[in-house]
Amino acid sequence: LKLFLHYHIGHLGAHPAAVAYSMTTLGAGMMNSIFSFYYVKLFLNRYKISEGAFHQSQVVYMVWNAVNDPLFGYLQDNSHVPCCSQRRLSILYGAPFYAIAFLLAWFPWREYAPGDWMSGVHLMVALCAFDGMLTFVLLAQCALFAEISGHHQSRLRLIKYNQVASLIGSSSVLFCSLHSQNMDDFPSFQGFTVLVAVLACGCMIYTGLHSESRFDTKGSAQRSNYQGSGQSTLSFSLVTSMTLQILTNRDFQLFVLMNFFQVFMVAFCNNFTMIFAEHLIPPNVLPSLAKSFMYGAGFICPQLVVLSSQSLLHSLGYYKIILLTFYVEAGMAAVMLVLGPHHYYILAFFLTANMVLVQAAFSLFNLPLADIIDSDLQRHKRSSPLSSMVFGTNALFTKPAQSLAPMLVVSILNQFGYENLKDAGRDANPSDLEALHTTMFYLVCVVPMCIAALQVFAWKPFSIRSSHTVDTMYIDG
């Protein structure tokens, strides 16, 4: 690993644009990994939020999560205000608020009693604030991905640098887990999150100071015109027309359907891997320290997989690689289901490997979205791409899966007594605990198997398959 990182980091200075772009990934990776991995366990186990309040918070979050992406996408593509219309300035000014929003979840507003209504309000505010700032900053970064260069090789370089940054950033889960004993030492956990917030903010400010879009030089006024129509202002009908043009793109429809299931799986793995591992793998088989490394590997290894597959991306393209991951996920889940829950080391490997594959495939999704943006640009003869609107419209339909996954899983687990059994330990009724563990095991196997099968059917008709063989989709300005 040391030699691997030394090789890739040693070449960072050669491409300053890619370094600047990837610094936001580094900062966001540190915060997002910790937030997605710990917030469900924190509110369920430590703050003891009621199931009703948990679901209410997730419903509000689901609505806000879906709405804010196209809202910010429209704002960033069409605003006259530089801090919105220029990608780097959106990142620069959004970074401090993003870091503050990250910290909201980790500091209780008072000493929570079990089922305290305040913990529900806390979760709602923390989720909406964090996602709002995440969307504002990362939507600008996603747009930069399509706008820094139109060359496929340049985009693969961005992916490569991005994965090095993500590899370093996602290691925050490992260090946080070790530092706080898997969140058992809560004051240490809180101190670590403050450190992460400060470092992440600094990384994103670096992007804001040093990154550029090819279209920034054309002025923010151009972004406020209807792309390709020559009109000076955007009426509601023209915004609707642009949105419909995006929505009627067949490849966009297929990608969104496949991506919805992928977002569901990412949330499923991030939110519940720790809970499943603690219940299904006894501590005498896999102690806390080993589980810390297991959780860390689930966030670090996806980046290593993507970095190691650069030659495959060049030769095969992302379409075949993404399709292959779905087949592998379904196959592994089927094998684990046949083996049963008592092969603990194999189960630990499966939990980690499944998380790695899901995250690794998800890391490639900017490539098909960038190709969809290029296709839209050429089809409708636009003067500049609707990058943020495409990413935002995609998020409108896929982000609800981030809430549906925890809502669905918590509801199923509580049907089998998780709310009462999560802290009972050895005092729990053995038959009740066995029923809960059996349910968890079936969730671990059946959910990935079914989701992967659905993704295969959604992804196979996708038609943009040869962009890796084309030097450029449009000329860099």
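The backbone N, Cα and C atoms fix where each Cβ goes, and this holds for glycine too.
All TrEMBL annotations are machine predictions without curation.
Feature annotations, courtesy of TrEMBL:
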| type | residues | note |
| --- | --- | --- |
| TRANSMEM | 20-40 | transmembrane segment |
| TRANSMEM | 91-109 | transmembrane segment |
| TRANSMEM | 121-146 | transmembrane segment |
| TRANSMEM | 158-180 | transmembrane segment |
| TRANSMEM | 192-209 | transmembrane segment |
| TRANSMEM | 260-281 | transmembrane segment |
| TRANSMEM | 293-312 | transmembrane segment |
| TRANSMEM | 318-339 | transmembrane segment |
| TRANSMEM | 346-365 | transmembrane segment |
| TRANSMEM | 440-459 | transmembrane segment |
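With pairs at least 6 apart in sequence, the transmembrane segment (440-459) and the transmembrane segment (260-281) have 3 or more Cβ pairs within the 8 Å limit; the two touch. Contacts between the transmembrane segment (91-109) and the transmembrane segment (192-209): present, as 3 or more C-beta pairs lie under 8 angstroms, all at sequence separation of six or more. With Cβ pairs under 8 Å as the measure, the transmembrane segment (318-339) is packed most heavily against 440-459, out of 158-180, 192-209, 293-312, 346-365, 440-459. The transmembrane segment (192-209) is in contact with the transmembrane segment (20-40), judged by 3+ CB-CB distances under 8 Å for residue pairs 6 or more apart in sequence. Sequence-distant neighbours of the transmembrane segment (158-180) (same chain, 6+ residues past either end, Cβ-Cβ under 8 Å): 5, 8-9, 12, 15, 18-19, 21-23, 25-31, 33-34, 37-38, 145, 148-149, 186, 188-189, 192-193, 196, 200, 289, 291-293, 295-300, 302-304, 306-307, 310, 313, 363-364, 366-367.
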